[in-house]
Structures are given as structure tokens and as C-alpha cells.
Amino acid sequence: MAKRSQSLSSLLPGTLAAVAILGLLFSAMLSLWLFAFDQTDLNFIFSPALWRILGFTLFQAALSTVFSVVFALILAKAYYPLRFYGKALLLRLFALTFVLPSLVLVSSLPSIYGRHGGLATLCQWFGVDYSFSLYGIQGIIIAHVFYNFPFAFRLFYQSLAAIPLEQRQLAAQLGFSYWQHVRYLEWPVLLRQIPSIASLIFMLCFTSFAVVLTLGGGPKNTSFEVAIFQALRDFELDKAVILSLVQTLLCLLFMVLVRRLTPPSIMASQVEHPNHIGTLSTLPTLISYIIVGLSALFILSPLVVIVINGMAAFSITLITSTLIQAILNSLTIAFCAATVTLLLAISLLWTYSRLLVRGYRWLSESMIMMGSLILIIPTMVLASGLFLLFFTLSNVSWFIAILVIISNGLATLPFALKILEGPMETIYQRYHCLSQSLNITGVNHFYWIEVKGLKTLFCFTFAFACMMSMGDFGIIALFGQPDFATLPYYLYQQMGSYQQQQADFTALLLLMICLLLFYLTEILMRHYDRT
Amino acid sequence: MIVLNRINYHYRQQSMQFDLSIAKGERVAIIGPSGAGKSTLLNLIAGFIMPTSGQIILNGLDVTHLPPNKRAVAMLFQTNNLFTHLTVYQNMGLGIAPSLRLSASEKSSLFDIADKVGLTDYLQRYPHQLSGGQRQRVALARCLLQKRPVLLLDEPFSSLDPLLRLDMLSLVEDICRTYSLTLLMVTHHLEEAQRITPRTLVIQQGEIIADNQTDLLINDLSHLYTSTF
């Protein structure tokens, strides 16, 4: 009896969460299907339009991936051996790209790469003709590289740092040249990382929405996600269904690939070797500094531009009641969405770790899969399915808010799972015998072990989820209304109506809120590392 | 007190058989090479693993199918004996009630035992603020608060330095006498057995190959130790 109640409390939270997620996704898909059934025009599958979208989506994602990975490799190699003041700081600044909402980035790009931007002015100085247009595949790639190259760089850099000091000492003893060093020591380590990083970046670029929507520059440059958005907006539901099915299948394929290609995580000793041996000669050092400098310029210039433009644009008249309402909406949504994320993640992982300890590998893995389902089903599809299901409520703003909360909550769930998966399993496993012998189960276990032991990490995950959903510009693009806007939606409207000054200020505001949340996560993480 | 009746346990390639009887208040050491099944024996008695066949009787009660918390044993593990994120007070209190809601009399017995093992001044500290010996005292104190008549020790002092280890052993012996506990202790050190456990079991390849008074075993044993292990 005791045993049965114990296994019930182990299984219940995860099962409930999984059922809720599946139920939501399934009913959304189904309602979309049923609506589309009335007007199905299967010809779309064979139309060149679909193939053009597929072609463009794959092409931009492939190019973005190649550029991101190659730049990241070059920078990692250049960055690693250098010793300069502020090296660790710069490394942390690179992580900032993760914080920057995509619309904020997009709003800053014209000031750098546009016809009257910084680069154009620089070219004029040197008398070079500048005819670069930001809108089109070039702009999309710049934005995608901006987001993904620092991420890949950090992973590559960690791999390099994880090469044992003894190997480097051995290489020095054997008198390896610069290229032999790369070939025998560093390249094999980096090569192992490339497939998983590349496939992940590819998938992220494949499903990119806000960047393609704003920088695509015309109907011929449309990705799947944007095409689904347009189809839903124009109420061409059959088109939306077909597009989302194709995208779901492709994403499923990528997800399997990513999981297959991910190497067992290297226990990177992220401490730098203090007395790293082998100094570079002058020329490679110089080249390395140039590479690092250009990369820093690439990464930091949008941030600087946003701050300068935003401050220059400031005027008290910009603080309208609409703006304040948008900020409040965004904050409310972010808090609720983060709560949803945390609840789902903890429930799934609670059951996950208990199943894992009892040896049900496959079942426990399915908990993680449930939480990651949203990666293959576009949030746009989820939201519009629910929208159709509750069509009578479609003009009620609290209902739109709930839709946004649910899809944001689900969208951040895979990240939350990644953060909490290891710690929740470890803490359960470590105290498994002890809590059994002390009869600590259920609510007591949750309070005394999970909450007491991981509270900082829970807060970190919460702040992180808040940050992600704060800057999100996904389904709000579909459902935003003049009387219900989030901050990113407000920014999008201003950008669309060429209110540059207002947009600059809103962008700065959004950046500041996200930075604040990011700073909070940093503090929490440092606190967690200490305990 | 402890009776193992033709216990069989199979795990992967290994198979173990134990037949054993220990009287109330006895203190018994278990020695043998690593992988012989010493910890398995304790885990079977404590209920962390279930035997394939056979019967385990504790205190006259058949506990073969009972979960760990329903058995009359308290156990100290090699590692992870304390919740590192909880204070000494909380760690000890969890031995009394999993909700940590303690009555006045429970609190006073907690303070008594803290006093007995010399932890009164450390109740609000966290495990990482204590020395290795103090940490094991906390764990031992919690075992006492559980008020179980059998104490199982799975080499909990092996990471301590020799002097401290002897200290802890005398504490254990003292406690066992005061509370008339039955003790079963896995050890690698013969002198530990000699010091506090009059009886010793030798385990090899999942079987008890010798069971005798420690003093009588000691000669054969030292011979055995140098030749086989």
C-alpha cells in the first residue's frame, strides 16, 4: 500500500504535465485540421510556391549555419591563446546576444549597415561605393549570425579550454608547429562538436520568425514560419495546415539528427590553465587581435547603437499610456509564462528522475520528449488552433493574453528542461537511500530536498524564462491588437509606421528590461555556483 | 534480532547467499575484499534491495517485503549522509519527522542527543561549515533520533584520518552500550573490529566464509588478508 501511494506520487506530476501538453497540442492541431478540411485545396502541395518557400528556408538556414560555424571556429582559435585585460568580460559580453530581443536587434541594424548607417559613412570617407541593402537574404544572415555565432563560439572555446594541460605540454615537448598544434590537438576536439552545433543552429534558423518577417524584404523571401503566419493572417487555413505539417516533419527530422549528433558532454574544466604554455609569435598574435576586435565590433555595435539612439530619441512625450500599458502587459505575460514553464518543467522532471532511478530509461526519456514537442510544432499553429477552438472568445483581450502565456510558456520549456534536468536528477539520486530510510516522500520531499536544495536554480530558470518571453515576438504578431499590445508588438507597430524616434526609445526600454533580468540571472547563477 | 534465512540475491552476473543470525545487543563487523557483497548484505537488511528468495526477520518480524522506513534499522552510508543544503538542526530533525514539525518533547530529545555527540554549538550551521568528523556525528545523531534498535554502518568513517576514526568508533561503542543497540558494521580495518565488535563475519564472493569471535579470527584473518586480498 505504502509502495503504491509512493509510486503514484512519483508518476502523477509528470503524467499530468505530459497529458496537459499533449492535450493542448493535439486539440490545437485537430481544430486547425477540421477547419482546413472545409476549404482544402491540395493543389498547394504541388504548387511552386511551396517549393519556393522550402528552398528559401533551407537556403537561408544553411548559409546562416555555415557562416556562424566558420566564424565561431576562427574566433575560438584566435581568442583562446590571447591574454589581455578584460578577456573574461568580453566572453560574458558575447552572451548578451542571447538577451537581445530579435526586434530590438533588427531596429538597430539600419543605423549600422543601412544606406545612411555607420558602415556607409565609413565607406564614403574612403571613397568606396556602398550599395549594400539590408533587406533580403543578406540582412537575414547578418541577424542570424549575430545570434548564433557567439553561441557556437562559446561552445568551441570551452572545448579548446578542456584540452588537458598535459597534452599541450607534450605538444610543446615534441616541438609542434602552429599548424601541427591545430591539426593534432585542437581540430579533433572541435570537429567532434561541429555536427551537433551546426544542426542546432540550422534548426533555430529554419524556424526563425521575427528576423525573416522584418528583414525578408518581400514576399519572395519567405520562410515557413513567416508563410504560416501570413496564411493564418489571411485566413488561408488549408495552406497553413500544409505548411505546418511540412515544417513539423522537417523539424522532427532535425531533432532526431541533433540528438543523434550530440556527443556526450565534455566535462569542461572551465578554469583556464593559469600558466598556459606556448606563446604565439608576433604575426599570429596580431591577426588574432584583429579577429577578436572585429568580432567584438560586430557583436557590440548594435548594443551601442540601441543605447545611443534610444537616449537621443528620449522625450517625455514618448511615455504614453499605451506604452505603459504595453510594458505592464509584457511583464504580466512574462511572469505568468515563466510560472507555466517552471511548473511544467518541475513536474516533468520530478517524474523523469524517479523513473530514471528505477531503470525505466525509455519512459523517463519520454518525459523530456513531451516537454520538447513544442520545438517541432510551430507555436503559431498551436496558438491559432486554440484560437479557432475558442473562436467566440477571440475578441476578448484576456483570452489573447492566455494564448500568449501558454505558447510562451511552452516555447521556453525545452530550455528550462535543459537547465534543470541534470540537477533535479542528481539531487534525487544522491539522497535516494537517505530519504527512503527517513521516509521523506511527496510534499515533504519536494520541500526539503528539491525546493531547499535547488531554490536558486529554480529562481534562475524563472528569470531566464521571463527574459525569453519578455522579448518574444511570435504569436503576438498574429493576435496583437491596438488595445492589447506587448512591448515587442508596440515596437513592431512603430517600426512598421516609420516612427523611428519612438521605435528607438521603445527598443532601448525593451533592452533595458531584458538586461535587468539577465543581470538577475547572472547574480543567481553565481550564488548557485557558490553553494 | 537479525535473522537472514537462506537469502538469495542475484544481480547481473553475481549471485549471493546469506544465512545469518545476530542476537540483540551484539556488535558485529563485516570484512572482506571489495565487491564481495558487504554493502549488499547491509542493503538487503535495510531494504534498499529485495532478495530473490529467502526471508529477513528483524525483531521477530518478517520484514522481507517491507520498505526501508518500515524496518527497525537505521543506516549510515559511505557518502551522502547529510542534506548539504539543510542545517545540522534540520538534518537531525528529519530523523524524527519528515515534515520537521517537532513537538516540544521531540525538540528536547534532539537537544539532548546533540549534547551527547557534542554538537550543541553547531545546530544552525550547514554541513560544509563542519569538519569531516563533525559531519559524521550529525549523521550518527540522526540515526539515534530515529530510535531504531539496529544500527548499520557502511564504512562511514573510511574518509576520516586514523585518529578521528578511533574517536568515532569509541563514540559508536559508547552509544551502542547506552542505548543497547545491535550493530552491524562494514570495515576495511581489522583493528576497528578488534576494538569494538566482539564478533566478525568474513565475506568473499557473496558468501559468509567465516563467522567467529573477532579475537579468534584475527590470526587466520591477518593470514587471509595477506594471502588472498
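The backbone N, Cα and C atoms fix where each Cβ goes, glycine too.
What TrEMBL says about this protein:
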DOMAIN    A:54-258  domain 'ABC transmembrane type-1'
DOMAIN    A:327-521  domain 'ABC transmembrane type-1'
TRANSMEM  A:12-37  transmembrane segment
TRANSMEM  A:49-76  transmembrane segment
TRANSMEM  A:88-112  transmembrane segment
TRANSMEM  A:132-157  transmembrane segment
TRANSMEM  A:197-216  transmembrane segment
TRANSMEM  A:240-258  transmembrane segment
TRANSMEM  A:286-319  transmembrane segment
TRANSMEM  A:331-352  transmembrane segment
TRANSMEM  A:373-392  transmembrane segment
TRANSMEM  A:398-420  transmembrane segment
TRANSMEM  A:457-479  transmembrane segment
TRANSMEM  A:505-525  transmembrane segment
Contact call for the transmembrane segment (A:240-258) against the transmembrane segment (A:373-392), three or more Cβ pairs under 8 Å: yes
Contact between the transmembrane segment (A:49-76) and the transmembrane segment (A:197-216) (3 or more Cβ pairs under 8 Å, separation 6+): yes
Distant-in-sequence neighbours of the transmembrane segment (A:398-420), which means Cβ under 8 A and at least six residues beyond its ends: 21, 24, 329, 332-334, 336-342, 344-346, 348-349, 368, 371-372, 374-375, 379, 382-383, 386-387, 390, 454, 457-458, 460-461, 464-465, 468-469, 472, 474-476, 479-481, 484, 486
Seg_contact(the transmembrane segment (A:286-319), the transmembrane segment (A:12-37)) with at least 3 CB pairs under 8 angstroms, min sep 6: no
